[in-house]
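Noted in Swiss-Prot for the protein shown:
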BINDING   Asp6, Ala7, Gly8, Asn9, Thr10, Asn11, Ile12, Val13, Thr133  ATP binding site
BINDING   Gly108, Ala109, Asp110, Arg111, Thr187  substrate binding site
ACT_SITE  Asp110  active site, proton acceptor
BINDING   Asp130  K(+) binding site
Amino acid sequence: MLLAIDAGNTNIVFALVDGGAIVARWRIATDARRTADEYAVWLHQLLQLEGHDRSVIEAVIIATVVPRALHNLEVLASKYFGVEALVAGRPPVEWGITLDVDEPQNVGADRAVNVIAAHKRHPGDLILIDFGTATTFDVVDYSGAYKGGIIAPGINLSLDALVAAAAKLPRIAIEAPETSTVIGRTTQDQMLIGIYFGYVAMIEGLVARMKAEIGRPATVIATGGLATLFERHVKLFDSIEPDLTIQGLGIMYDRLKTGP
């Protein structure tokens, strides 16, 4: 099986992929100080819970936006699985897509991998929205070329900034409100409405502007760890695919094995 690793700013997702299907997935908080040995102990226990031995892992592929975490993940692959980790965007794991932007070298690995997965699954023009530490909007044309996008603070970052700057505001949990009312009657309700429905308005407004700029119908795909948070109140998503990055890593690995 393939061990696909998506190392983000907040969490690292490890997934077992077999024949394109995700067999198991686990999530751990990102900590660049965590050693290969610590990852190995954690993974060994989870593999056992799923009824697997570490010998089932035949290859490892990594996409990361946290450079300091990469070394120990590579050591994990070599020391405990006996393989050299493949790293998305680093030879021989080329993107296989056109990054049609002014600074292609600065496109995040997770965003490029998402483009690969989404284009294979959905022909035509696409808008990808990845809800994570940052909220990113990416435009992909019908040929599969990445045309650019938007980077905004993630919803939890916005809450953190608000609470840090306003001494009397309490820490609240971000969740989808039960109703669509935007007139809160308590401080906590008003904060949740402001953060949550402010994000809903941002999503709807930016997608409308992007569609107008594209000038053609575009499929809107939501992904990332927080994508389902907006499912109740955002009606413009054509598809919610939380595992898009892992699926993209699987596609890249298969392409490397079999050729384009």
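Here the Cβ of each residue, glycine as well, is placed from N, Cα and C on the backbone.
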Looking only at the binding-site residues Gly8, Ile12, Thr133, Gly108 (substrate binding site) has its closest CA neighbour at Gly8
List, in sequence order, those binding-site residues among Asp6, Ile12, Asp110, Arg111, Thr187 whose Cα sits within 10 Å of the Cα of the residue listed as 'K(+) binding site'.
Asp110, Arg111
Around the C-beta of Asp110 (substrate binding site), how many further C-beta atoms are within 10 angstroms, looking at every protein chain?
26
Other residues with Cβ within 8 Å of the Cβ centroid of Asp6, Ala7, Gly8, Asn9, Thr10, Asn11, Ile12, Val13, Thr133 at the ATP site?
Thr30, Val65, Val66, Gly132, Gly225
Whose Cβ, among the binding-site residues Thr10, Thr133, Thr187, has more other Cβ atoms within 10 Å than any of the rest?
Thr133
Grab the substrate binding residues from the record (Gly108, Ala109, Asp110, Arg111, Thr187) and give me their largest CA-CA distance in Å.
39
For Asp6 (ATP binding site), nearby residues of its own chain (Cβ under 8 Å, 6 or more apart in sequence)
Ile12, Val13, Ala15, Ala63, Thr64, Asp110, Val113, Thr245, Ile246, Leu249
